[in-house]
Amino acid sequence: MSMFGGGFGGPGGGPGSGAIAGMGGTGTRRQGNTPFAGVPPELAAGVTLMEASEPAHPEPEVTFSHSPDSGRLTLWSLLSGRRALLVTAAVAVLVEALLLQSGPYLVQVGIDHGIIARDVPVLVFAAVAFLASVALTAAATAVRIRTSGRLAAYSTRDLRVRVFTQLQRLSLDHYTTEKAGVTMTRMTSDVEALQQLLQEGFAQFLIHGLTMVVVTAVLIHYDAGLAAITLLLVVPPLLLLTLWFRGAADVGYQRQRDTIAGLFTHLTESLNGVRVIAAHNQQDRNVIAHREVVGAYRDANDHTGRINAVYGPGTSVIGLLGLAALLLIGGRMVLRGTLTIGELTAFVLYLNAFFQPVQQLVQLYTNYQQARAALGKLRGLLGTAPAVRESPGARPLPPASGGIELREVTFGYDRARPVLRGVNLRIAPGETIACVGPTGAGKSTLAKLVSRLYDPDAGTVLIDGHDLRDVTLDSLHRQVGVVPQEPFLFAGTLRDNIAFAHPGAPDELVEAAVDAVGLRDLVDRSPGGLRTILHERGQSVSSGERQLIALARVFVAEPRVVVLDEATSSLDLRSELRVEAAIQRLLEGRTAILVAHRLSTARRADRVIVVDDGDIVEQGTHDQLLAAGGRYATMYATWESHTATK
Ligand SMILES: Nc1ncnc2c1ncn2[C@@H]1O[C@H](COP(=O)(O)OP(=O)(O)OP(=O)(O)O)[C@@H](O)[C@H]1O
């Protein structure tokens, strides 16, 4: 499915139309010559059969809310949501760990009471019991892998949705400070590190931990003296080595997380800027830069590899030395007749069983460290409060007539350096205001405050007398439409993009938007009409067409107020005239704030305001300002002479 409500199937592919039929664009809008033209008659029977065996995919229960993420993210919070799976996995782990320890005991029984005592039935019993324990262990392992796999899959699915919801909730300031690559790392490798721990790590950790406890108890039961000597020989050096490893691994895995975030950051930036890089012949430099970030990641991996290379073989050597000591001491006890051959064999096997988990635990510890580092980063992201928050008592904005007021508004991206200072402005319902001024003066910032992408540091922005902070964000965004400076198109159909803000929009409204903004040509030229698939970020349409699609999108959303940040990229004269005509049509009967980069747009507005030095320095109609001979008049004269020479 596409990310839009209608999907490729468009409005017809709603619930109940079936997965495959939905892909084909069910209902009245199928087109005979498109790739999604529906199911050919000769395949219909097969498709019905397949649909019958399709599992049900109910509508997802996820709902979006602007309220901050509640609850602290912990490993337990990830697991506790599915208690039945958790209990089943825990029981399977317990059974598996206990069954695994029956092997050496059965070998001892077979040797001492079967072979040495020449008792064939006991030998057969020991062998059959061994087989049965192997079969039962396999069954318990299968149940454990299945349940822990499901547990991990469901928990990380929930976590991904939770993090994604938070990403949707965060306001613009977060995205200007946080790099996209870092966010990508949170959603990919950090979540995967947790998934790995939940899927295998925890179960293995429990199995090996239990094994070590059981084995110690069994060794003491066989011969407390021998167990004490052997364990005293191996446990202290093992403990020292483990303590060293813990400290070194903490640093190593943190470094690994940071360097992979750097790698993703460079990758996403390079992909987004691929055209600029090619146009400026910077591929060489970019490859070198990428080599550096990949190199940092390689160094971090190399570092953790070196630590593991010391710890892994180190524990092996300690284990083997322990075995050698056991052979020597235990062998002498057998010779003295205080220990049987079978007991010594079981002792050797159990000691081996004690060391294998140690090796595994090392691996698990590294896995745990990675997951812990990831958890910390994800917790930070989930705990970030959006700068623009819905107040607890927020009420829906009633249908607005569109009167806007800025009262003593002061705002700065950095509070210490305000971009706007004590701005006052009243806009009557239905009035079009053009905002002009030198670059960096704060025009777009003013527009962003009206659409509540940021909140003022001081003062108030009101719509129909309601402070924007007192109304719900949903109701505000429904009534205030925004056309950004650089329109963003999603991969999907032309229709999906036009009806983005209102996926269920009737066809008549979408068609009206197409005609109103002058997109009819493009629709008629495209092979699939409105169902033509656009490439990611609208790469397959021209920049003028992208602007028209963005205007059509707002037309379909039918807001009362339009905030339009005019694109700075220049178009050819014909496209520019088309965009200007589209803007005129879009603004009919609506309150509008235009950030005008072309003074031809300003000329047509009801009122022009000149923003400079953090405030409105002039305002009036185009003619009034020209007559006043102030800044606007100078700007206009410069603009006119410039366009005349073009
Ligand atoms: N996200 C941001 N973080 C920090 N500073 C910002 C941010 N966005 C804009 N600024 C700064 O705020 C000031 C006003 O920017 P704004 O985009 O409002 O200017 P503008 O008048 O719309 O300019 P232009 O005509 O070039 O679009 C500039 O100095 C700019 O560098």
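Using N, Cα and C of the backbone, Cβ positions are placed for all residues, glycine too.
Just so you know, TrEMBL annotations never went through curation; they're auto-generated.
As recorded in TrEMBL:
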- 15-37: region 'Disordered' (REGION)
- 15-27: compositional bias 'Gly residues' (COMPBIAS)
- 84-102: transmembrane segment (TRANSMEM)
- 87-370: domain 'ABC transmembrane type-1' (DOMAIN)
- 122-143: transmembrane segment (TRANSMEM)
- 202-220: transmembrane segment (TRANSMEM)
- 226-245: transmembrane segment (TRANSMEM)
- 308-329: transmembrane segment (TRANSMEM)
- 404-638: domain 'ABC transporter' (DOMAIN)
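As a quick check, the transmembrane segment (202-220) and the transmembrane segment (122-143) miss the bar of 3 or more Cβ pairs under 8 A, pairs 6 or more apart, so the two do not touch. The transmembrane segment (122-143) shares more Cβ pairs under 8 Å with 84-102 than with any other stretch in the list 84-102, 226-245, 308-329.
Mean pLDDT for the domain 'ABC transporter' (404-638) in this predicted model: 87.
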